[in-house]
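Working notes, beginning with the structure itself.
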Amino acid sequence: MLFGSLSISIIVIHLDESLIKKKIQSSTSKYKCHAMGIISFMIMIMIISYIIVPPILASNSINVSESLSDGETLISAGGKFELGFFSPGNSVRRYLGIWYKQMPIQKVVWVANRVNPINNTLGILTLTTSGNLMLRQNDSLVWSTTTQKQAQKPMAELLDSGNLVIRNQDETDYLWQSFDYPCDTILPGMKLGWDLRNDLERRITSWKSPDDPSPGDLSWGLVLHNYPEFYLMNRTEKYCRLGPWNGLQFSGLSDRKQNSIYDFKYVANNDLNYVSNKDEMFYSFTLKNSSAFVSATIYQTNISIYVWEENNTNWLLTESTPLNSCESYGICGPYASCSTTKSPACQCLRGFIPKSTQQWALRDWSQGCVRNISLSCNNQQMDVDDELMKYVGLKVPDTTHTLLYENVDLELCRTMCLNNCSCTAFTNSDISGKGSGCVMWFGDLIDIRQFDTGGQDLYIRIARVVTEASNGRNKSVITIAATTAAAIFGMLLFCSYIIYKVRWRIADKSKIDDNIERHLEDLDLPLFDLQTITSATNNFSLNNKIGQGGFGSVYKGKLADGQEIAVKRLSTNSGQGITEFLTEVKLIAKLQHRNLVKLLGCCVGRQEKFLVYEYMANGSLDSFIFDKITDKLLEWPQRFEIIFGVARGLVYLHQDSRLRIIHRDLKASNVLLDHKLNPKISDFGMARSFGGDQIEGNTHRVVGTYGYMAPEYAIGGQFSIKSDVFSFGVLLLEIICGNKNSALYHGNETLNLVGYVSTYIFISLFIYLLMLKLKCVIKGLFGLTNLNLSTDIYTREIV
C-alpha cells in the first residue's frame with residue numbers, strides 16, 4: 001500500500017477543563033478511575049498510530065518500505081508525467097507505464113513490462129534494498145531492473161522529463177533510469193545511441209499494434225561503423241536512412257525546414273546534442289520552447305514527431321519519416337539518385353547507364369546503374385586515367401563501407417581517394433563553415449537522393465574520358481546558349497502570359513474552396529479540420545485503407561473520443577468535381593434513415609475534399625457475395641434481410657423523403673454492412689433530386705456502372721425511379737446467385753447474369769405453356785376427363 005496515498009482521520013476530542021474538574025469533584029472515585037482509563041486508552045491509540053504509520057511520502061517517488069499497486073500512480077514534481085498501470089486500446093491486459101499527465105488523451109511514452117503483460121489488476125511494484133524495481137503478479141516476477149552500482153538507501157523517482165530513475169537518497173547519480181531502455185518514443189533529453197562502456201544500445205521499437213505494446217517490426221537506432229548514421233529497420237532489413245550528420249543537419253533531410261520548438265541534431269564534442277568518444281556515442285533530443293510538449297514516436301510504418309503547445313486540443317503532427325518514396329532505402333539501386341520532382345523518379349548519375357534497360361523501362365530500378373566506361377584504376381598511371389567528378393545537391397550514399405578522417409581537408413582527401421584504387425567517392429564529413437574532415441566510400445554507392453535545394457557535394461570516381469566529354473558538352477552548351485538568348489527574350493512575353501493565367505487559376509481555386517465552405521456552413525454540417533482527419537487515419541496510412549472507388553480512396557479512422565469513422569478522400573484527378581461533391585453532401589446531410597449511410601461531417605483543405613461517414617465494420621456487400629469463402633457466411637434469412645433493407649432504403653429515397661431522389665449508381669459495392677449485417681446505401685455522388693410531382697429526368701452526361709444501368713438510361717440518358725428499380729433487380733440476382741452480373745456464362749461473351757437468367761425463364765415458360773397445350777390435345781383426342789398431367793415441375797422451374 002502506498003502510504004503517500006493513504007489518508008488517516010484522527011478524531012480529536014476537546015474537553016472543557018473546568019467542566020472536567022466539576023465532574024470529577026462531584027463523582028465517586030469509581031467514575032474518576034473510569035474517566036482516567038478512557039483518556040489513557042486514547043493516548044495509547046494515538047502513540048501506536050504514530051509509530052505504525054510513517055510520515056506520508058511525496059507522490060513522485062517510492063522507497064524500500066513502500067509499494068505501488070494497480071490503481072495508484074506516481075506524479076512527477078511538476079505534474080507533467082504520471083506512472084501507473086494501464087490497458088492499451090481495447091486490451092484488458094495491464095501494463096506498467098509512463099504517460100503525459102496533463103493531456104486529455106492518454107499518450108504512453110514508456111512501458112516496463114511490454115513483453116510480459118499482467119492478466120489482472122493484482123500487479124504491484126516494489127523497490128528492493130539492492131536498488132532494483134520489481135513488478136510482481138501475486139508471487140510471480142513479471143519485470144525487474146538490474147543495477148550495476150552499490151545501493152545505499154535507494155529510492156525510485158519520476159522526474160518531470162518523463163524519466164523514471166533509481167538513485168540513492170543523498171546522491172544525484174542514477175543507479176538505473178528508464179531513458180536507457182526506451183520503448184517506442186523519444187523524449188527531450190533522452191539519448192539515442194550507444195553506451196560503449198556497458199555495451200548498451202538505446203533504440204526505439206514500434207508497438208506490435210495499438211492494443212499490444214510488445215516490440216513490432218520497425219526499429220530506429222544508430223548503427224556503429226566508421227561514419228555512424230541512423231537507420232530505420234524493418235526487422236533485419238534496412239527500411240529508411242536519414243543519412244549521416246554533416247555539421248548542419250542529417251544529410252537525407254536537406255528538404256526539411258527548421259522549427260522553433262525542438263532540435264535534433266549533431267553538434268561537436270560534448271555539446272547538448274551529440275557525444276562521440278570512447279565511452280559513448282549518441283544523439284539527443286532537445287527542446288527550444290519549454291512551454292511545449294514534444295515527442296518522437298515510431299509506428300508500424302514511420303517515425304512521427306508530434307507537438308502539443310498551449311491552448312491545443314490535440315497533438316499536431318509536424319514531421320514524419322519516410323515522407324515519400326525517395327526516402328525508402330535503396331529504391332533506385334546503386335549509382336542512381338532519386339528525385340521527387342523528376343519523372344521517372346530514378347535517374348542514373350552522370351557517367352552511368354541502367355544495368356537493365358528493360359527493367360528500367362518498366363520502372364523497376366532495383367538493379368540500379370553501371371559505369372558506361374570502365375575505370376582505368378589498374379593501370380600504373382591511375383591518377384591520370386581516372387577523375388573525380390563533382391555532383392551537387394545530394395544525400396550522400398550509405399556509409400556502411402567508409403573511412404573517416406576528421407583532420408584531413410578536402411584537397412588531401414581527393415589525393416588519398418585517387419591513390420586508392422578501391423575508393424569510389426569522397427566528400428567533407430562536416431560542411432559547416434568552410435568544410436572539414438574527409439570521408440571516403442568503398443564499393444557500390446547506394447541510396448542517393450537528389451535535392452532541388454540544399455544537399456551536399458559528392459565527388460565520384462569515373463574514367464577521365466567521361467569528364468572530357470562532359471567538358472566538351474559544356475563548351476557546346478555555351479555556344480547554344482548564346483545562339484538561343486534572343487529566342488529566350490522572345491519567350492518572356494509568353495511566360496508572362498502563362499504566369500498571369502496560373503495566378504488567375506489559383507485565385508479561382510481559392511474562391512471555389514471559399515464557396516464550398518459557405519455552402520457547407522449553410523447546411524449546419526460539422527466541419528472537420530485537416531489535422532484531425534490526418535491524425536485519425538494515421539496520416540492516411542496504407543494500413544488504414546479499406547476501399548478504393550472511382551472518386552478516391554476510403555480510409556478507416558479513429559477520432560480522439562474513440563469513435564470509429566470512414567474517411568472518403570476524393571482524388572484531385574477523379575471525375576467527381578465540385579458539383580458532385582456538393583450534391584453528395586447536401587443529399588446525405590438531409591437524409592435520415594436506418595438503411596442509408598450516415599454522414600458525420602466533411603473537410604475541405606489544400607484543394608482536397610473529404611467526407612466523414614460512420615464506419616461500417618463489415619465493409620461492402622460485394623466483399624461477401626462475390627467471394628467463395630465469405631459467401632457461405634450469408635445464410636438465406638440474412639440475404640433476405642439485406643434485400644428488404646435495400647428495398648426500404650430505396651422506398652425512402654423514392655417516395656418517403658422530402659425530395660424524390662434517384663441514386664443512379666446502386667450496386668453491391670455501394671451497399672455497406674454494419675456489425676449486425678444491416679445494409680446501408682452509400683455513395684450519393686451521382687444522385688439526382690426532384691421536387692414536386694416530377695418522376696423522371698434526362699441528361700447528356702450518363703454516369704454510373706454498366707451492367708446496372710437501365711437500357712433507356714444507358715442509351716438515351718433518360719432516368720427515373722424505374723432506373724433504380726432496374727439496378728435493384730440486378731443486385732437482387734447477384735445476392736441470390738452469388739455471381740457478378742458482368743461475369744460470362746458458358747463461354748458466351750455476350751451473356752451476362754441478367755441475360756442468362758432471362759433466357760432460362762423464357763425457356764421454362766415456353767415448356768410450361770407447351771405442356772398445358774398438350775394436356776388439352778390429349779383430352780380432346782381420347783376424351784379423358786380425369787387426365788391429371790402435373791406441371792408442378794415447370795412451375796417450380798419458373799419460380
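The chain as shown is numbered from 1 upward.
Cβ from N, Cα, C; glycine included.
Feature annotation from TrEMBL assigns ATP binding site to Lys568. Taken from TrEMBL, the feature domain 'Bulb-type lectin' applies to 59-179. TrEMBL lists 377-463 with the feature domain 'Apple'. Annotated domain 'Protein kinase' per TrEMBL: 540-799, in sequence order. What TrEMBL records for 31-53, 477-500, 753-772 is transmembrane segment.
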Cβ neighbour count within 10 Å of the residue listed as 'ATP binding site': 23
Residue distribution over DSSP helix, strand and coil in the domain 'Bulb-type lectin' (59-179): 2 helix, 55 strand, 64 coil
DSSP state at Lys568 (ATP binding site), helix/strand/coil: strand
DSSP-derived helix, strand and coil totals, residue by residue, for the domain 'Apple' (377-463): 13 helix, 37 strand, 37 coil
Segment confidence, the domain 'Protein kinase' (540-799), expressed as mean pLDDT: 77
